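> Quick paste of what Swiss-Prot says about this protein:
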SIGNAL    1-17  signal peptide
DOMAIN    24-329  domain 'Transferrin-like 1'
DISULFID  Cys27-Cys49  disulfide bond
BINDING   Asp73, Tyr103, Tyr200, His256  Fe(3+) 1 binding site
DISULFID  Cys126-Cys206  disulfide bond
BINDING   Thr128, Lys132, Ala134, Gly135  hydrogencarbonate 1 binding site
DISULFID  Cys171-Cys185  disulfide bond
DISULFID  Cys234-Cys248  disulfide bond
DOMAIN    340-670  domain 'Transferrin-like 2'
DISULFID  Cys343-Cys379  disulfide bond
DISULFID  Cys353-Cys370  disulfide bond
BINDING   Asp394, Tyr429, Tyr524, His592  Fe(3+) 2 binding site
DISULFID  Cys404-Cys682  disulfide bond
DISULFID  Cys419-Cys643  disulfide bond
BINDING   Thr454, Arg458, Ala460, Gly461  hydrogencarbonate 2 binding site
DISULFID  Cys476-Cys671  disulfide bond
DISULFID  Cys486-Cys499  disulfide bond
DISULFID  Cys496-Cys513  disulfide bond
DISULFID  Cys570-Cys584  disulfide bond
Amino acid sequence: MKPLLLLTLLGCLAAALAVPAQKVKWCVKSDQEFRKCSDLAAASPAFSCVKKESTLDCIIAIKAGEADAITVDGGDVYTAGLNNYDLHPIIAEDYGTSSETCYYAVAVAKKGTTFGIRDLRGKKSCHTGLGKSAGWNIPIGTLVSMDIIQWAGVEDKPVEEEVSTFFQASCVPGATRGSKLCELCKGDCSRSQKEPYYDYNGAFNCLAEGAGDVAFVKHLTVPDQEKSKYELLCRDNTRAPIDDYKKCNLARVPAHAIVTHKDPQLAELIWTSLNSVQNFNLFSSEAYAPSKNLMFKDSTQRLVKLPQNTDSFLYLGAQYMSIVRSLKKEQSVGTNSNAIKWCAVGHAETAKCDTWSINSVTDDTAAIECQNAPSVEECLKKIMRKEADAMAVDGGEVYTAGKCGLVPAMVEQYDAELCSSSGGQASSYYAVAVVKKDSGVTWENLKGKKSCHTGIGRTAGWNIPMGRIYDQTKDCDFTKFFPSGCAPEPKPALHCALCVKAAAKLSGDEAKCKARPEEQYYGYAGAFRCLAEGAGDVAFIKHTIVGENTDGNGPDWARSLKSDDYQLICPGKGPVPISEYASCNLAVVPAHAVVTRPESRSDVVRVLQVQQTFFGASGSDPSFKLFQSQNGNNLLFKDSTKCLQEVPAGTSYDQFLGSGYMEAMTSLRKCSDTASDLEKSCTFHSCQQT
């Protein structure tokens, strides 16, 4: 090879190595943003810039692959997550101690004016933009929910039309040009920097310059030197100083977030590229004055990576999604039906649910309809999204459901004598550790043994025993304590070595270690079977399981088992007979409960009370048994259930679980890996909690 050609090739190779193989194509919406983005690209070759006319155009470009990312507010996170775009948030802005990854939506008026929030009819309003969180979704949703704006719904007229008759005039960038919603605007009324009154500072300037009477912005918008001239409008019709935003606000909402395709590799590229930026301030727009909040909000202190699998719904939270739906008057799936949509996990539960649905029909109408999902977590997501209404879950799953805004509606009762008393003793059970008799296994020598668990995140099978073990060891790596085990989970990873292939041919090997009935060692009976068949040395289950699966009871695999061949172990005691669970247990824990959305609670209770009069333990219709399982164990409800009892209205998930259980969970959650992806997504923002 000639030396000149070789040098040329080496030069090309060096250039190729110096430039990232894939650049992050950032979408911008104005000339000023393009300037800042170009400066970023010059400072960091990991970026390139794509200019579009609006946020929606950027979302469409990302969907089409023309761009990779853009930072948007909550309203646009919602839009980006719709099926026709299918983008999801991967990184959130963090605003520091004043609000972390949330901010407050506030209504601001000039000091000296006297109107309150209930006196806004006929006033002139300034908004950050149509469909944006602080400037539109939250204030208009709040005014509608408080019946200040009286809107019958989209069947009557669009909400924009109702708002235009409520306010004397407005500037709502993104509204129809020439309408009253654009009357106060200074430029083209677009949702871009071409409109001087666009975004937070634009809406504030609309108020400051006297165009409007009220501005809907975020709590950090009013400059420090101007705060004494303005006041906040509170929901109780009073006013407060600007710095009292924590007590006087319309809502606390999730921070702006970066959205992109559902591509983990691209998400990681965006994250690492942003973190590698040097000699460039991502969160400052001073060099591009008077423009502000270019690419990122100027108040951003840092960026925070979101939990994996966070979608727009989980990021925004149920409360915010409810506000957006109220503005769109969205109908959830199946709302024309009065049936409760029950969520079943796996094939066996779905088959039982279908039978229940058929038997629930009266006057050609089913009281129960069935939805299904591959795991409890996926069912909980469906309930949150109104694709399903209810399901019965164990205490650990009540904890996760509660963190995601769901509430307990009814609880399983295992004592028939207590079924006839209303408001009687709450149902509970004992979490126990079971070993084979004469195995020599005790609580004190448990380390290094093989373990059988009902499932990751379950109460008796995981949360209680592993919480106890963490209290002893202060080590979050539980594989050091139990090097081998079976602990079924939605996404099998650790603790799967002892799990077995699925019994049901329909599921194949894919069900191995999955948290659903097709995994033979899943659930209470499954964990006991893991011990009985010699796979494990200890099973963490509830106190009734041995009796339900020995001495001729239970399914075929259990028929030859004897209860006397098993013992309980607990801290500070040698092995004791199974019958001594009251004195040798790991904890007394609340029974399984039916969870649902707060607004659906009364309907779920009403339907289930009727259903158990027909199909309960002493029901009038023998054609179907709600608390029996023919092709498995504990399908939909625990087989030991005698009745369902109402959980008092207003009971939160932590009140239901009790202080002891919550303390155990607080201890266990010191190990961050013990929280599921769903729980992490639901608790990422403090503002997601109502």
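Here, residue 1 is simply the first one shown, and the rest follow in order.
Here the Cβ of each residue, glycine as well, is placed from N, Cα and C on the backbone.
Tell me about the surroundings of these features in the structure.
Across the domain 'Transferrin-like 1' (24-329), mean pLDDT in this model comes to 93.
Under DSSP, Cys27 (disulfide bond) is assigned to a strand (E or B) in the three-state scheme.
Listed in sequence order, the residues of the same chain lying 6 or more apart from Tyr103 (Fe(3+) 1 binding site) and placing their CB within less than 8 Å of its CB are Tyr95, Ala134, Lys218, His219, Leu220, Arg252, Val253, Ala255.
Within the same chain, residues at least six positions away from Cys206 (disulfide bond) with a Cβ under 8 Å of its Cβ are Cys126, Cys171, Leu184, Lys186, Tyr197, Gly212, Ala215.
Spatially close to Lys132 (hydrogencarbonate 1 binding site) yet at least six residues away along the chain are Asp73, Gly74, Gly75, Asp76, Arg191, judged by Cβ distances under 8 angstroms.
Packing around Cys171 (disulfide bond) is summarised by its Cβ count: 32 other Cβ atoms lie within 10 angstroms of its Cβ, all protein chains included.
Every protein chain shown contributes to the tally, and the Cβ of Cys248 (disulfide bond) ends up with 23 other Cβ atoms within 10 Å.
According to its DSSP assignment, Cys379 (disulfide bond) is helical. Within the same chain, the residues at least 6 positions away from Cys379 (disulfide bond) whose Cβ sits under 8 Å from its Cβ are Cys343, Ala344, Val345, Gln371, Asn372, Ala373, Ala388, Met391, listed in sequence order.
The Cβ neighbour count for Cys353 (disulfide bond), using a 10 Å radius and every protein chain shown, is 23.
Note on His592 (Fe(3+) 2 binding site): other Cβ atoms within 10 Å of its Cβ, all shown chains, come to 27.
Cys404 (disulfide bond) has a Cβ environment of 24 other Cβ atoms inside 10 Å.
For Cys419 (disulfide bond), the Cβ neighbour count at a 10 Å cut-off comes to 20, with all displayed protein chains included.
Reduced to three states, the DSSP call for Arg458 (hydrogencarbonate 2 binding site) is coil.
Under DSSP, Cys476 (disulfide bond) is assigned to coil, being neither helix nor strand in the three-state scheme.
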> Round to a whole number and give the Cα-to-Cα distance in Å for the pair Cys404 (disulfide bond) and Thr128 (hydrogencarbonate 1 binding site).
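Cys404 (disulfide bond) to Thr128 (hydrogencarbonate 1 binding site), Cα-Cα distance: 29 Å.
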> Highest CB neighbour count within 10 A among the disulfide-bonded residues Cys126, Cys499, Cys643?
Cys126
> Relative to the Cβ of Cys486 (disulfide bond), which residues of the same chain, six or more apart in sequence, are found under 8 Å away?
Ser451, Cys452, His453, His495, Cys496, Ala497, Leu498, Cys499, Val500, Cys513, Tyr521, Ala527, Cys530, Ala535, Gly536
> Quick one: pull the CA-CA distance for Cys671 (disulfide bond) versus Gly461 (hydrogencarbonate 2 binding site), whole Å only.
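Gly461 (hydrogencarbonate 2 binding site) has its Cα 17 Å from the Cα of Cys671 (disulfide bond).
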> What is the interatomic distance between the Cα atoms of Thr454 (hydrogencarbonate 2 binding site) and Tyr429 (Fe(3+) 2 binding site), given in whole Å?
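About 15 Å separate the Cα atoms of these two residues.
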> Using Tyr200 (Fe(3+) 1 binding site) as the reference point, find which of the recorded positions Cys234, Tyr429, Gly461, His592 has the shortest Cα-to-Cα distance to it.
Cys234
> Taking just the CA atoms, what is the gap between His256 (Fe(3+) 1 binding site) and Arg458 (hydrogencarbonate 2 binding site) in Å?
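Between the alpha carbons of His256 (Fe(3+) 1 binding site) and Arg458 (hydrogencarbonate 2 binding site) there are 34 Å.
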> Nearest to Cys682 (disulfide bond) by Cα distance: which of the recorded positions Tyr429, Arg458, Tyr524, His592, Cys643 is it?
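Its closest listed neighbour, by Cα, is Arg458.
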> Which residue among the disulfide-bonded residues Cys49, Cys234, Cys584, Cys682 has the fewest other Cβ atoms within 10 Å of its Cβ, if you could check?
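Each of the disulfide-bonded residues Cys49, Cys234, Cys584, Cys682 was scored by Cβ atoms within 10 Å; lowest is Cys234.
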